[in-house]
Amino acid sequence: SQYSAVDTNPLSVYIMQPIWNKIIKIVPLWIAPNLLTFSGFVMILVNYFLIAFYDWDYTASGTSPGRVPTWVWLFSAFTTFCAYALDSIDGKHARRTQSSSPLGELFDHGLDSWATSIFVLSFFSVCSRDNGKTGVSVYTMYMYLSIVLFNFMCSHWEKYNTGVLFLPWGYDLSQVVLITAYLLTGIVGVEVWQKPFLFGYYITDVLVILLIGFSLLLSFPQTLYNIHRAHLRKTLKNDSLYEGLLPLVSPLLLFMLLTVWVVLSPGNILDKQPRLFLWMVGVTFSNVICKVIVCQMSSTRPELLHWFLFPLALVVYAAISGLLGRAEEAVLGAFTVLVTAAHVHYGVCVGRQLSEHFNIYIFSLKKRVQE
């Protein structure tokens, strides 16, 4: 199916696009677009692990403000900008080199579905977890991440039903906010997040309120409206309500299981291992959404229940019933390793299959020689 995306965001159209159109001119024509996409993702990962190294438990900004060196925040601003730029020009570069392909589209959206959570997890180090005076609680972090992922899911659910990806306004805005936040932290120091900003509210509170407002009042209604409009015009890809709602079943069950674990965990798992738990949330979500993206691109019906749900349900049951006891953190660790490995394996396999099917290399513009 022909890829179609609609971007109506003024920030993107009037400010960012002209910048990308200048940057794209420096990219050599022999570079494969997927290489740009992948480089951006690697920068996000490097940045994430660098911050995690200095601040594993999300307390550095709140309790020992000097623990994360200033250069790390400035490096974060730089890598976030580069990743944002690379993600914005990969499609332009593909059209420029006449190498647009479903493989590229899947590669781009698949990595985005994972990067979305990693951006959020890196940002949490800036505002730090609640220490009684400042910071946000780990439960707020979980809610914040869930809302961001819910928004991402909505735009792909919408594309599954309408065939058009309406690029969410929040994307460009969130990238600009992230880069600004890192620069601010690098220049002024983490103290900037620990002083009330407006009417006794901290900047982090304002961002959380903005995010929730943006999602529930702008993004989600817009999704429903676009689907409704397609329904009126008879351009919906799926006739039945069942088929239209099918892609939502696994992600919603996933969130329900995870939330049950967070709320009922006897060992207070989110409090003990926030970074591990939130990483696992991001990975499981990304894999579930990748399957939806594949179905939406190949016009196939998604499976009702994603296989991750079964081991997750077992783990959650064992945890909340007290069966795991002290082993809860170890089991979370093992499960996180399992899903991360499974997700990477899935990505590599799908990439290989598509590369053989379309007779193209993933990271090179040379054509594959037919066997």
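Backbone N, Cα and C atoms are what each Cβ position is placed from, and that goes for glycine too.
Copied over from TrEMBL:
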- 26-50: transmembrane segment (TRANSMEM)
- 70-86: transmembrane segment (TRANSMEM)
- 136-154: transmembrane segment (TRANSMEM)
- 199-220: transmembrane segment (TRANSMEM)
- 241-264: transmembrane segment (TRANSMEM)
- 276-294: transmembrane segment (TRANSMEM)
- 306-324: transmembrane segment (TRANSMEM)
- 330-348: transmembrane segment (TRANSMEM)
Stretch among 70-86, 136-154, 199-220, 330-348 sharing the most Cβ pairs under 8 Å with the transmembrane segment (276-294): 330-348
Segment-segment contact (the transmembrane segment (241-264); the transmembrane segment (199-220)) at 3 or more Cβ pairs under 8 Å: no
